[in-house]
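> Okay, handing you the structure first.
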Amino acid sequence: MPINRPNLNLNIPPLNIVAAYDGAEIPSTNKHLKNNFNSLHNQMRKMPVSHFKEALDVPDYSGMRQSGFFAMSQGFQLNNHGYDVFIHARRESPQSQGKFAGDKFHISVLRDMVPQAFQALSGLLFSEDSPVDKWKVTDMEKVVQQARVSLGAQFTLYIKPDQENSQYSASFLHKTRQFIECLESRLSENGVISGQCPESDVHPENWKYLSYRNELRSGRDGGEMQRQALREEPFYRLMTE
C-alpha cells in the first residue's frame with residue numbers, strides 16, 4: 001500500500017525516549033494520578049465505550065520496512081534507516097500536549113507473526129482516534145533471532161499525558177484503556193500467537209499480548225521487586241482495575 005514520500009531533506013531522528021535511571025524523582029504526573037486515583041477511576045467507569053475509526057489505505061509491514069529516511073502516512077512521520085532496528089512512527093501534529101512521563105506498552109507476538117500482527121493492528125495504530133502519538137515496531141530483518149525485541153516486545157507504544165500541565169485527564173485515560181483492550185481483541189481475533197513478554201514488564205492475566213512498564217522508574221533487567229512496584233503504579237492500576 002502507498003506511502004507518501006515528500007521530496008524534503010529533513011533531519012528527523014528516531015524517537016529519543018528518556019532512559020531509565022535509579023532514584024528518579026516521582027514526577028507531578030505520577031503524584032496527580034496517586035492523589036486523584038479514586039476520582040479518576042470513578043469517572044472512567046461512568047464513561048461510554050470509545051470507538052476508534054480505523055485508518056484506511058495504510059502501509060503494510062513490507063511498506064513500513066521500505067519507509068526509509070522519511071515518509072508520511074495518515075499524519076504520521078515514518079522512518080526506518082541506518083543501524084536502528086526499529087521502524088518509528090510519530091504523529092506530525094501530536095494530540096497529547098504533556099511531557100512524556102515514562103508510561104509505555106509493549107506488544108509481544110510470535111517472531112514469525114509480526115507482519116500478520118501489524119496487518120491486524122495497522123488501521124488502529126494509524127487511526128486519527130488513537131491516543132498514541134508515537135510508536136515503533138521492530139524491523140525483523142535487522143535483528144538476530146534470539147534478541148529481546150525479536151522474541152517479544154516487537155511493538156512499543158509511548159503514552160504521553162494529554163494536558164499541557166503534563167497531567168492525564170480521565171477521558172484520555174479511559175480512551176487509552178479502551179484502545180489497548182481493542183488491540184488485544186484484534187490480535188486474538190486474527191489468531192496471532194503471543195510472544196515472550198519482557199522480564200521488565202507487568203501485565204494482568206487477561207492481557208495475552210500487551211505489557212506495561214514505566215521507564216523512568218524501572219530498568220530492562222526487571223526482577224520481582226521492580227514488577228511489584230510497577231503493579232502499584234497508578235497509571236497501570238487505572239488501565240487494569
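Residue numbers in this text run from 1 along the chain shown.
Any Cβ shown, glycine's included, is placed from N, Cα and C.
Grabbed the feature section from Swiss-Prot, which reads as follows:
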- HIS106: active site, proton donor (ACT_SITE)
- LYS136: active site, proton acceptor (ACT_SITE)
> Cα distance, the residue listed as 'active site, proton donor' to LYS136 (active site, proton acceptor), nearest Å?
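Roughly 10 Å, rounded to the nearest whole number.
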> Restricting to the chain of HIS106 (active site, proton donor) and a gap of 6 or more, list residues whose Cβ falls under 8 Å of its Cβ, or answer none.
GLY152, ALA153, PHE155, THR156, LEU157, CYS197, PRO198, ASP201, LEU210, SER211, TYR212, ARG213
> Taking the Cβ of LYS136 (active site, proton acceptor) as centre, how many other Cβ atoms lie within 10 Å?
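Excluding its own Cβ, the number within 10 Å is 23.
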